[in-house]
Amino acid sequence: MTINTMAKGGWHRDQMSCFRKMEKVIVAMQDPDMGMKMRNQRLLITVIPHAMTGRDIIDWLMKKYNICEEESLHISGLLVRYGYIYPLKEPRSLVLRPDESPYRFQTPYFWTSTRWPASELDYAIYLAKKNIRKQGELMEYEKERYSVLHKRINHTWDFVVMQAREQLRRKADRIVLECQEQAYWLINRPPPGAPNVLDMGLVRPHNTARVTLNSEHYKNEIDTCKRALGRNRVKSSICLEGFMKYSEQYQNHDPIMQGCLPSNPWISDDSAHWTMNLETVPTPTRLRVERWSFSFMELLNDEMGRREFMTYLEKEFSGENLAFWQACEDIKHGESSKIVEKVEEIYRNFLAPGAPRWVNIDSKTMDKTLLGIRHPHRFVMEDAQMHIYFLIKKDSYPRYLKSDLYKNLLAKGIVPQETKKSVFPFMRRQRHSSPSPAQVATQPTEEVGNAKGAGQAGTNSAAGSNV
Amino acid sequence: MLLCLHIWFLEVVSNCSDDGSHAKDHHLSLPVSTGDLTTSAMGEMEELRKEMENLKDQITAARKTFQDSTLQEAAAGVTVVGRVQLKTRKTLRGHLAKIYAMHWGTDSTLCVSASQDGKLIVWDTITTNKVNAIPLKSSWVMTCAYAPSGNLVACGGLDNMCSIYNLKGKDGNVKVMRELAAHTGYLSCCRFLSDTEIITSSGDCTCVLWDIETGTQKTVFAGHQGDAMSLGVSPDFKFFISGACDFTAKLWDIREAECRQTFGGHESDINAIGFFPNGNAVITGSDDATCKLYDLRADQELLTYQDASIMCGVTSLAPSKSGRLLLAGHDDFNVNIWDMLKAERVGVLAGHDNRVSCIGVSSDGMACCTGSWDSFLKIWN
């Protein structure tokens, strides 16, 4: 979320990078060789030079960026909303019509980023000009603002009127100047009810200097850097491979990618998918049981998985390990007031000599823990818990995945049938909006072919164009 | 018709320094003060500064040696995703002003949203009913969060406080349970670790871990040199990441209370941050209109998601459950969907009439919820 901020100099940092990008596009559009072809547009009895139609703009953007019409409409709409292009017909409606409507480039003098922020004085002069030019030309909201300004900057009002008269005296390009100025003020002082593109949200308080660049600061930075330099790093190829493996493994479990069975509750209004995956179902779905084999954390994070795992461990007479781990988790995330009593309980049940559910920890960790118990705190069991965690993970967990208990669960796991529409049973109900990647691979349709072709064209144009 | 977008710029070679605030590609200098210094003190400072810059260059060089593949090589064997089209399934109407934040509950059907009309609303997204409509003391709210247990919600903003509300109070009324006040700047983001702990990020450049029961600060994580704008908690709850207006993201160890890694490279404020689902990478979204993926083990930026036709800043982001797709909300009213592995745009969600301020994917991965300044929340899938 971007929040309004006025840094030194009055620039709105948030907006500047998006303005710069739009200006690059605008400059490219006006390039004498590769830019848009402009012509004279007739408006009532006047001929306005250097204008273009909405259709031209859309087509140029489509060609330049190799995008579809919908996207081109979106981008050109942005350019109009931010005032870089303004309409000649219906100037108060800042939208881009993909037809023969005429548009013109705003002169850089009137770009929002050039004269930022728009000043009250300038606005007053503009309204005064309008008022002088033709009595009653001001709109209702402009009249209101005019009188508000008149009260607020009354002391400079003579100056305002003088400037207004002076600017009106210049006759050349009067119509063009009026159009440009009007477009500028429609953006910087939008009429009530109109969307305000320069709305930046909540104004956050100006922050006084926080960073003191003294020796202390640099010494800290140097320490941090030295530590960072000595860090172990992994090759990027291995990391990227890690992400790919993960995405592949979870693809069937990602409903946005693959859809879900029996049906997408958001489309069908049938919450069967959720009911099947509750904590307390008698038989879990196969996908769910499969997830337990992805990582130890997946198993532990699922209540049912934990229960099933505990059943297995009890059979192997090592259930106390998991119980100990769970008790430690409870301390870490539970209420502070109960820490002391919980620690005592853990000691009694798991750590004391002859305890009913004694856990096997190495002597060094045990000594450290026993020492820590004298002054119990939230993380006093951390080392012991870690020891047991890795014990279960390396030993019991892999064996559980190979056990009959797990394999039976997996085999019996429910694979829900896709619900069919009762009227047309042979029609597949839409599982999700997008074609799944699996379907794309098996049906090499024209679409895929086009995508590839367009993709290549895209890369080529990327090499050629310079925005 | 497929949305065909060429890969405009693949960023695999990164030039981020360990602490991005002094990187050479910054356009704006942060407010600083040097005070009164003697010539010898100035000389000493200059020496230290040079040493720091030198170390940073060494770090950059060290990182480069671990870049042994390009994205194209690595992702060559991955199946193409094709066009992703999500439709609006529900529209949640009820807020009367800009929505600034939303957060899913862990049950994947309830979510909470905060708006400038001074209300926190808990929605049942299936029926679109409002489960709770909580009036706030301060309407300048910027963030909200849902506790994993479903018992608590939190919010905060320009009042510099994080207010915790108990949804499951005995008499059925939702009341303020705690007001966590100690920040000297606005509250930009908050996330629960449990019913007893919450982490907040603030405009005073710090993040804080609170003990909710006692209402006190347990740990202050200081180090950012600009407003901390957003935070994300790792899947194992041991780490959290924060993105700030000093253009960097930092990884913090909650238990050890220290900053483990810093990532730079963005050219403007980082507004949104999140973990890749396996917890091994950090995804950031910035005002410079790009998203970046930083790998924690490679200790550097691996991917940049950008396109010449995307000009407006990223306000919020969320990965899909498998991590294959990244959904990013922008100032230009759209949400862009990226194929995270191939760094290509594969879809657009266009349905809001004002900027998309927040986005979230439910924990079962079923649905994506977007909130906007047009006062509506939309559920897509």
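Positions of Cβ are set from backbone N, Cα and C atoms, glycine also.
TrEMBL entries are annotated by machine, without manual review.
Copied over from TrEMBL:
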SIGNAL    B:1-23  signal peptide
COILED    B:38-72  coiled coil
REPEAT    B:92-133  repeat 'WD'
REPEAT    B:180-220  repeat 'WD'
REPEAT    B:221-262  repeat 'WD'
REPEAT    B:263-304  repeat 'WD'
REPEAT    B:314-348  repeat 'WD'
REPEAT    B:349-381  repeat 'WD'
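Across the repeat 'WD' (B:263-304), the DSSP tally of helix, strand and coil residues reads 0 helix, 23 strand, 19 coil. Taking every listed stretch (B:180-220, B:314-348, B:349-381) in turn, the largest tally of C-beta pairs under 8 A with the repeat 'WD' (B:263-304) is reached by B:314-348. Beyond the repeat 'WD' (B:314-348), the same-chain residues lying 6 or more positions past its ends with a Cβ under 8 Å from any Cβ of the stretch are 3, 5, 7, 10, 71, 75, 78, 80-86, 271-274, 276-278, 283-287, 289-291, 293, 303-305, 307, 354-361, 364-365, 368, 370, 372. Long-range contacts of the repeat 'WD' (B:180-220) within the same chain, counting only residues at least 6 positions beyond its ends with a Cβ under 8 Å from a Cβ of the stretch, are 140, 142-149, 151-152, 154-164, 226-233, 237, 240, 242, 244, 252, 254, 257. Here the repeat 'WD' (B:349-381) is broken down by DSSP into helix, strand and coil counts: 0 helix, 17 strand, 16 coil. If you average pLDDT over the repeat 'WD' (B:180-220) in this model, you get 94. Counting residue by residue with DSSP, the repeat 'WD' (B:314-348) contains 0 helix, 23 strand, 12 coil.
For the repeat 'WD' (B:92-133), the DSSP counts in helix, strand and coil order read 0 helix, 24 strand, 18 coil.
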